[in-house]
Each structure stands twice: as C-alpha cells, then as structure tokens.
Amino acid sequence: MSSSTVMADGFEEIEVDVVSVWKEGYAYENRGNSSVQQKITMTKGMKNLNSETKTLTATHTLGRTLKVGDPFEIASVEVSYTFSHQKSQVSMTQTEVYSSQVIEHTVTIPPNKKFTRWKLNADVGGTGIEYMYLIDEVTAIGADLTIPEVNKSRAKILVGRQIHLGETEIRIKHAERKEYMTVISRKSWPAATLGNSNLFKFVLFEDSSGIRIKTLNTMYPGYEWAYSSDQGGIYFDESSDNPKQRWALSKAMPLRHGDVVTFRNNFFTNSGMCYDDGPATNVYCLEKREDKWILEVVNT
C-alpha cells in the first residue's frame, strides 16, 4: 500500500510499507556477586552513510514505487510495536535518519542478572537505519526474554514525480553538459540543439512502434515530432508512422523526474541521440553513440 503527496521541484512524497525488526543489540550476563558497569557505543540513524546529499539508490524493490537503481530520499520512518502487552509508536525525522549519531551509554548491571538491549532497525529500499529506538531489559540469567514485536512499519520517501506518457510536460537535459534541448529554425525546419534556456518543453508519447518525442515549442505549426534525418540531425516533422520518429529508451516504465536515460533510434538501430558539435546545431543521432539525458518534470 502507498499514498502520495505532490511537492515542488519535481518531487512527490510517497508513504510505503517497509521492513522493521527488533534485534538484540547488546547482551551481558553478570554472574558475579556485585554490580558491574558496561559502556555501550551505538550509532543511531542511517547505516553506512557515505553521501554528501540526501539522495539514495534503491538496492531492492519497494512495492510498486521503487525499482533497483531508482534514486530516492527518506523523509521519515514510523513504527508501531508491542512490548510487554503494551502498544507503542516511535518515529524518526529526516534529520534523525541522516544524522548517523554515535552515542555512548554506561549501564549498571545488577549481580546474577542479564542485561539485554533491544534495538529497532528499519530497511528502506535497501538503506539500513539502526537504533530507531531501544529497549533495555534486565532479567534473571536463563529466564525467557520478552522480545518486542513490530505491528506496522511505514516510511515517507521522496521520489521524482511520475512522468505520464502523453501528458506530463518535461525538459530534456544533457547529463554531461548540463544544457537543455531547445528548438531552433534550421533550413526552414524546427531542429534540436542544446542551450541554456529551460523554457523548452516536451511530452513523451508511446505507440506500438516505440517512444515519440513531441516539442511544445515549434515555430512551424504541426512540425513537432522528433526524428533523425539520414545525415543524423534531429528535426521535428509532422506526425507519421515513420520509424525515424520512434525511439527506444534505456529505462523501463514508469519514468520519473530525474531519471537518466538514453534514446536509441528505431530506424537507425545502432544510433543514439547525442551531442556533436555541428555547423548549426549540436544534437544528433549518430552511430554507436548514446549520450545520457536527464528528464525533468516541468512544475505546473
């Protein structure tokens, strides 16, 4: 189950079920006749935090929302659980999740007792979160332990807004050059070239023959479907069943804001959309070339 909330900057917040589990984080049996003190060091928050940004990469699927390799951020995690017949709830904010805070505790363990520290761990798309919460239990040595039980575990994650084919307006940005695909007039045809303006919009369509790229900024009415010319230039033509107007994307549906894709032409099957410094334009479809392009949802 999942629910979503549309946010600014091309992202949406989605609530999803995640896996959480109580584990034995630390245990000590004091078989002596006097109390002992033990120092416990723990890390609360994200496990193996190694990114300068909050963007993570899914290493396994998460319902219908995340696929392996998809980028996402964790906004919060909430878990309800039962311990000693009492129901409780605990949550972590984004700041707490990403902090990876190292904490030291000193505990006193009575004689002939066992100390057990239960830790609540969560997994969100392959990212481990340690010590969401902890419960300390002191029992007689050999006595049965009261293991906490997870009732429900949910996370709010930030993912790129879904690109709905035939509907969502997008920008197409060259991943390496960080310039946008724009449309200019060349030889009395609308033609694709890179530029700094982010005002040029496109819509992706799909039919039985492949993906189609429609410009919303043609200067020649009706000439709006991207195709590869025989010389490799990218122009916009009237709609037809010409396979030169069809493209294969490197990423499976659904597409989302921020996805990085390549475009391979369905007529020139060994050629892909790329940057090349031409005489008047610099977006081409060339053999054995498939540059990476970033899809950005236009906020409406």
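Glycine too: its Cβ is placed from the backbone N, Cα and C atoms.
Going by Swiss-Prot, these are the annotated features:
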BINDING   LYS187, SER229, TYR235, TYR284  N-(acyl)-sphingosylphosphocholine binding site
DISULFID  CYS274-CYS285  disulfide bond
REGION    12-35  region 'N-terminal cap domain'
REGION    36-109  region 'Beta-hairpin domain'
REGION    110-158  region 'N-terminal cap domain'
REGION    159-299  region 'C-terminal receptor-binding domain'
SITE      TRP22  site 'Crucial for binding sphingomyelin and inducing hemolysis'
SITE      TRP247  site 'Crucial for binding sphingomyelin and inducing hemolysis'
SITE      TRP293  site 'Crucial for binding sphingomyelin and inducing hemolysis'
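Annotated features taken from Swiss-Prot, shown on the structure.
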residue: TRP22; record: site 'Crucial for binding sphingomyelin and inducing hemolysis'; DSSP class: strand
residue: LYS187; record: N-(acyl)-sphingosylphosphocholine binding site; DSSP class: coil
residue: SER229; record: N-(acyl)-sphingosylphosphocholine binding site; DSSP class: coil
residue: TYR235; record: N-(acyl)-sphingosylphosphocholine binding site; DSSP class: strand
residue: TRP247; record: site 'Crucial for binding sphingomyelin and inducing hemolysis'; DSSP class: strand
residue: CYS274; record: disulfide bond; DSSP class: strand
residue: TYR284; record: N-(acyl)-sphingosylphosphocholine binding site; DSSP class: strand
residue: TRP293; record: site 'Crucial for binding sphingomyelin and inducing hemolysis'; DSSP class: strand
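The 10 Å shell around the Cβ of TRP22 (site 'Crucial for binding sphingomyelin and inducing hemolysis') contains 20 further Cβ atoms across the protein chains shown. Within 10 Å of TYR284 (N-(acyl)-sphingosylphosphocholine binding site), counting CA to CA, the recorded positions TRP22, TRP247, CYS274, TRP293 contribute CYS274. Taking Cβ-Cβ distances under 8 Å and a sequence separation of 6 or more, the neighbours of SER229 (N-(acyl)-sphingosylphosphocholine binding site) in its chain are TYR235, LYS244.
Other Cβ atoms within 10 Å of the Cβ of CYS274 (disulfide bond) number 22 in total over all chains. For CYS274 (disulfide bond) paired with TRP293 (site 'Crucial for binding sphingomyelin and inducing hemolysis'), the C-alpha to C-alpha distance reads 9 Å. Each of ARG186, TRP189, ALA191, SER228, GLN231, GLY232, GLY233, ILE234, THR281 belongs to the same chain as LYS187, SER229, TYR235, TYR284, is absent from that list, and has a C-beta within 8 angstroms of the C-beta centroid marking the N-(acyl)-sphingosylphosphocholine site. Residues 1-6, 42, 62-63, 65-66, 75, 77, 79, 81, 108-125, 131-132, 134-135, 141, 147-150, 153-162 of the same chain sit 6 or more residues outside the region 'N-terminal cap domain' (12-35) yet have a Cβ under 8 Å from a Cβ within it.
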